[in-house]
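J.: Taken from Swiss-Prot, the feature GTP binding site applies to 11-17, 57-61, 115-118. Look at Swiss-Prot and you will find Cys190 tagged as S-geranylgeranyl cysteine. The cysteine methyl ester annotation in Swiss-Prot covers Cys190. If you look up Swiss-Prot, you'll see 32-40 marked as motif 'Effector region', on the strength of sequence analysis.
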Amino acid sequence: MQAIKCVVVGDGAVGKTCLLISYTTNAFPGEYIPTVFDNYSANVMVDGKPINLGLWDTAGQEDYDRLRPLSYPQTDVFLICFSIISPSSYENVSGKWGPEVFHHAPNVPIILVGTKMDMREDKETQDRLKEKKLYPVSYEQGLLKMKEINAFKYLECSALTQKGLKTVFDEAIRSVINPPVKKSKSKSGCNIL
């Protein structure tokens, strides 16, 4: 059985722990308790291959900026998460999380994950954001951010309804077992005759 280490990063309160608990236990946790570090494990079949998926939950809070990278060595794939209803967490994907991951693990695939997709159409949430002249992050914005940080894929999910949840982890595994073919840069230069 192939073992894959998947580390989940992103701002505090974007839903990283809920994502992992909902995926591994099929239950949505009730209250928010900030994570320092937690590990989860799941044995799954993807494309007919048995996989032991080691899931590393990290703290998004700035207090842990020096501690968090200790979980990065030997990572096979990163999930960089932002909340669809938190534009600031979306901006931090390229402002903080992408650069942090690239610095510590430059050649490891990244899946960009928009969490809380069930809240995008929630009227109360929309009104709260509008009061601050903000809007939920669109799917198209997610695709743009994926290209900006050179992620393998952009996916959205809801830990509450489990919509898109299994796909996130299946695609994370696929990014490791079927890595994307790197485009070789053609060498342009001049020929001296």
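Every residue gets a Cβ built from N, Cα and C, even glycine.
It should be emphasised that the depicted structure is a prediction, and the values quoted were computed from it without experimental measurement.
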J.: Which entry in the list of binding-site residues, Gly15, Gly60, has its Cβ near the fewest other Cβ atoms, using 10 Å as the limit?
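T.: Selected from the binding-site residues Gly15, Gly60 on minimum Cβ neighbours within 10 Å: Gly60.
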J.: Specify the secondary structure state of Thr115 (GTP binding site) as given by DSSP, simplified to three classes.
T.: strand
J.: Once the DSSP letters are reduced so that anything not helix or strand counts as coil, what is Thr58 (GTP binding site)?
T.: strand
J.: Out of Ala13, Met117, give me whichever of these binding-site residues has the highest number of other Cβ atoms within 10 Å.
T.: Met117
J.: Among the binding-site residues listed here, Thr17, Thr58, Thr115, which has the most company in the form of other Cβ atoms within 10 Å of its Cβ?
T.: Thr115
J.: Averaged over the motif 'Effector region' (32-40), what pLDDT does the prediction give?
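T.: On average, pLDDT over the motif 'Effector region' (32-40) sits at 70.
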J.: For Thr17 (GTP binding site), which of the three DSSP-derived states applies: helix, strand, or coil?
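T.: Going by the DSSP assignment, Thr17 (GTP binding site) falls within a helical segment, counted as helix.
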